[in-house]
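K.L.:
Here you go, one structure.
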Amino acid sequence: MANYEVTVSTGNLLYANTFNNIYIKLVGTDGESNHTWLLNISGPLAFNTGAVSSTFTLSCTNSIGKLLLIELNKHPVIVFPEDAWFPNKVEVKSPEGQTFNFPIYRWITDSEVHLYRDGKGLYYTHPLGKYSREKELKEREEAYQWHVYEQGIPRCMKAENTESLPLEVHFSFTKTTEFLFTAAQGLIELKLDGQGDCTEKWTDMDSIYRAFCCKITDISVYVQKHWKEDEFFAYQFLNGVNPMLIRRCSAIPRTFQSLKAWSSSMNENIYLCDYKLLDGVEANTINGMKQYLMAPLVLLQRTPDDKLMPIAIQLKQTPGYNNPIFCPTDSEYDWLMAKIFVRSADFNFHELNIHLLRTHLLAEVFAVSLLRNVPMVHPLYKLLIPHTRYSLQINLMARNRLISKDACGGEGMFTILKRSMASMTYSSLCIPDDIAERGMEAVPNYYYRDDGLKLWDIIHKFVKGILNCYYKSDADVEKDSELQKWISDIFVEGFLSNAKTGIPQGFSTVAALVKFVTMVIFTCSVQHSAVNSGQYDYGAWMPNTPISLQLPPPTTKGTTSEATMLETFPDVNVTVQGMAIMHLLSKQSTDFVPLGHYPDEHFFEKIPCKLIKEFQGDLEIQSVIIKVRNENLDVPYTYMNPTVVENSVAI
């Protein structure tokens, strides 16, 4: 007799356990076992939540060779109804002393027989592999379908509500419970309950301060104290929540024509922030009041003592007598109002282009294409599936609840998204290329750049090591049909077949694959953290980040005052609701999984497991470097510290 020792691990999720009878069949290169009931003295407790079962012994007449897959199913017993079960993995030790792991990490809700393959992908070389692979992908294509949410932006997953999502991509119970805090519940947590329906204007700065003081962070306190200062205004272009717009200015834009006299003195120390994507976008009407959204141009200069300072602001793209250029030498409120309109424009540009499109929507594209086209034990699946956790549900909830059309108006929002989509390039998603294209290699105190480039290199090293284990030559990449289908789907459904983006339509080299996968992981983890986690820090003090403005900008100088500023600010309810949403989106979940941590085991080979440990070690070293640097900063830059970077777009 040949005895096989079977151990089953059940997930540590709420209701992951089952009281049903569990049956298994082993399929190997030289035969298969009988369909066997896994029964021992532990009884139903063998499959309890978080449990690793005691060993089941499964006997065969002869050895069935190397194990390729298992067949797993469950049946209800008389005293217990059919329930759902979430097994993590099955481990089998053969009589020859080999250990085979079968990763599952999904719910089994019925009594059907389900096939799971060896985690090392041995099935690829066996005829059974083709059958099981095709069966899995057919089921996946049915479960994960593309949907056109709006023409001109990336496709999303077809699902009406969270209940219609496949169970394997649902939030955990913990995550679901925590996310039940809506914006209104957030108002209670911020002690702002009762102000969410107040449509009055702010009458003085003290009232804004009292609302702000209900829930503060160290950085938000710094923001409140320094928001009027030019140096801090400029600092936010480098290390605030939108660090991707600023670029070195080699020539004055034609829309800044009244500054053309400066052209002769242009040098590498002049920088530009141009919000042209917002030009002509109609803002919404809120509380019966028309809102105003500008498309400013901002010039900044690097001073001899390595500070970045604003030197000119034009609030509309088209030059004219009613579109003055504001300068630091103007009156206090003329200059402050110009900066306020810039900060409001930056909020809209950041939320729709930098945050929503370039992290959330792209993460969904990468995830849906992976789940549709790549089987579970494919190396690409094992590498990327941790970086898709919760992304589909969080995006669906955002579409249904949190993507507010009040910020810039319904059609205005989609106008910005479509313009952003049309201007997006592959190189802008790869931080080394993006920094070089924007000419930002030398500007000092650019911590987004410093931390981002280092983390890109760490991720690239890890991805290269993993993929080199499976792809020994460029030919291996070219002939991998599942890999090619994944990138093809991304190009067609995510980037709308626009070759001008530079997104690959296929992979012909290992190097090209490594770079693209690095970009995917970086986007879903590091980049999202950089543009998401600081929203409350920089937005809690509303005057620094007004989400809408309800007076037009001044058309002549010398006409502004504090009263003008207060009338321009959003009403009380808009302010506090914005605070609540930013607070919710900046909160870290208690089941947060940091970058490089993989509680679900998908890799079982020796070299990939070693590379994962090296990856985690590199991230720990980088975390220490960031912490030491931050000790000497007035405003610590923490958003790209690996300990606070989540593995996926999960909030």
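Even glycines carry a Cβ here, placed using N, Cα and C.
Sharing the feature lines straight out of TrEMBL:
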- Asn40: Ca(2+) 2 binding site (BINDING)
- Asp83, Ala84: Ca(2+) 1 binding site (BINDING)
- His355, His360, His528, Ile651: Fe cation binding site (BINDING)
- 2-122: domain 'PLAT' (DOMAIN)
- 118-651: domain 'Lipoxygenase' (DOMAIN)
- Trp107: site 'Essential for stabilizing binding to COTL1' (SITE)
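Can you walk me through where each of these features ends up in the structure?
P.N.:
A C-beta separation below 8 Å, combined with a sequence spacing of at least six in one chain, links Ala84 (Ca(2+) 1 binding site) to Tyr15, Thr18, Trp107, Ile108, Thr109, Leu167.
The number of other Cβ atoms within 10 Å of the Cβ belonging to Ile651 (Fe cation binding site), over all protein chains shown, comes to 22.
Residue density at Trp107 (site 'Essential for stabilizing binding to COTL1'): 18 other Cβ atoms are found within 10 A of its Cβ, drawing on all protein chains shown.
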K.L.:
Determine the minimum-neighbour residue: among His355, His360, His528, listed as binding-site residues, which Cβ has the fewest other Cβ atoms within 10 angstroms?
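P.N.:
Counting other Cβ atoms within 10 Å of each of the binding-site residues His355, His360, His528 gives the minimum at His355.
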K.L.:
Give the distance between the Cα atoms of His355 (Fe cation binding site) and Asp83 (Ca(2+) 1 binding site), rounded to the nearest whole Å.
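P.N.:
Here the two Cα atoms lie 39 Å apart.
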K.L.:
Starting from the Cβ centroid of His355, His360, His528, Ile651, the recorded Fe cation site, name every other residue in that chain with its Cβ within 8 Å, sequence order please.
P.N.:
Leu356, Thr359, Ala363, Ile394, Val531, Asn532, Leu585, Val649
K.L.:
Near Asp83 (Ca(2+) 1 binding site), which residues of its own chain have a C-beta under 8 A away, given they sit six or more steps off in sequence?
P.N.:
Tyr15, Thr18, Phe19, Asn20, Pro76
